[in-house]
Amino acid sequence: DRMWQWLTLLFALLPCALVQLSLVFIHRDVSRDRPLVLLLHLLQLGPLVRCVEVFYIYFRAGRVEEPYVSITKKRQMPKDGYSEEIEKEVGQAEGKLCTHRSAFSRASVIQAFLGSAPQLTLQLYICVLQQEITAARSIFMVLSLLSIVYGALRCNILAIKIKYDDYDVSVKPAAYLCIFMWRSFEIATRVTVLVLFSSVLQIWTLPVVLVNFFGFFFYPWILFWQSKSPFPENIEKALSRVGTTIVLCLLTFLYAGINMFCWSAVQVKLNDPDLINKSQNWYRLTVYYMLRFIENAFLLLMWYIYKTDIYLYVCAPLLVLQLLIGYCMAVLFMLVFYQFCHPCKKLFSSSISEGLLSCFKFLCFICKPPKSPILTDKAEVKSPENTDEARSSSKTIDSQKGIPHQSVSSNA
């Protein structure tokens, strides 16, 4: 199939080109005179050159005394209400290695959500229509899924380190396990739902994808225009206004691609100098997962109604139940991570349980119908009459019993 072939090549080559571009941008190779490195990036050999450079810096570190070092200050996680500040000397070699590590982390996120996620969706769609899973395609899909989960994991760790840059953050193995399970269930169920829906309603697949993508793409720009902040100019000094706009569009493009498949741990904020929203917004997290669950349930319902003969030997209700439970398992592991395994949970102003409880109370308050003013006016009008009738009835009862009303009230 020509269309499947071209889409497979596109989803393989486009993220590779974007990875090369991100490595060139982070290392500022354009402003430096490095024509050989730029040529190798054009030949798709940029990551290989970076790996060789990393090993060269690593094995030469410590042999020659560096002319100067920089001092960084990091705070430890607070213990018993106290937080100590630790100074650390960072040499040139260590600084270059940190730059390479952050560059590869961002490249893995780009590769995951702009390459592996569409590729996994396409290959699973081909398997469903052909009703056959070959060995080569199954290996390809497993590698794509692992790439997406790893990219999502790196995105979580990057978000934590960016938000809590002043602290010395150490992520424990239990946190890695929770993130891995959370992202695996979330991405696997999301891709399966999209494939099932697109296999029976091909015409409506494009509107669903475009609404999701452009909704998340324009959301940071709408917030930026509402804030009436000046255009960010401090991204890169060598970039012009047009270049800065292109970089911001690519950033929001990646942000939309991530949110198409899973929750983006890094929230883009264009009016912030770091372009990242560092506040912990439980309300936005709750709304995202509620709307995504409703969307997945609706797409599964449409698939169940319009399913074709290729699903003749599939137990459709059981499959729908499994996918919904799988998404709920992803939410469960996410809650466990934020409640117990987050490395900076001591810095939260409120825990995940308190935040979700306040969000649910707010949503219930919005959904609660207001009281009718006509009924309240009638109640206010009838209240004096009711009190007078109650007093008169109490007096008659007391007189029948032969007990004075004042003595009853005084005893009461």
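Cβ coordinates come from backbone N, Cα and C, glycine included.
The compositional bias 'Basic and acidic residues' annotation in TrEMBL covers 377-392.
The feature region 'Disordered' is assigned by TrEMBL to 372-412.
Annotated transmembrane segment per TrEMBL: 6-26 (among others), in sequence order. Residues of the same chain lying 6 or more positions beyond the ends of the transmembrane segment (6-26) and with a Cβ under 8 Å from any Cβ of it are 38, 41-42, 44, 46-47, 50, 99, 102-103, 106-107, 110-111, 114-116, 118-119, 122-123, 236, 247, 250.
Residues annotated as transmembrane segment in TrEMBL: 135-153 (among others). Remote same-chain residues near the transmembrane segment (135-153) are listed as 108-113, 115-117, 119-120, 123-124, 126-127, 176, 179-180, 183-184, 187-188, 258, 261-262, 265 (criterion: CB distance under 8 Å, separation of at least six residues from the stretch ends).
Annotation source TrEMBL lists transmembrane segment at 203-224 (among others).
The transmembrane segment annotation in TrEMBL covers 245-266 (among others). Within its own chain, the transmembrane segment (245-266) is flanked in space by residues 18, 25, 109-110, 113-114, 117, 148, 152, 155-156, 158-160, 162, 183, 186-187, 190-191, 209, 212-218, 220-221, 232, 235-236, 239, 275-276, 285, 288-289, 292, 334, which lie at least six positions past its ends and keep a Cβ under 8 Å from the stretch.
Look at TrEMBL and you will find 286-306 (among others) tagged as transmembrane segment. Long-range Cβ contacts of the transmembrane segment (286-306) within its own chain (Cβ-Cβ under 8 Å, at least 6 residues beyond either end) map to 189-190, 193-194, 196-197, 199-201, 204, 208, 259, 263, 316-317, 320, 323-324, 327-328, 331, 334, 355-356, 359-360.
Feature annotation from TrEMBL assigns transmembrane segment to 318-340 (among others).
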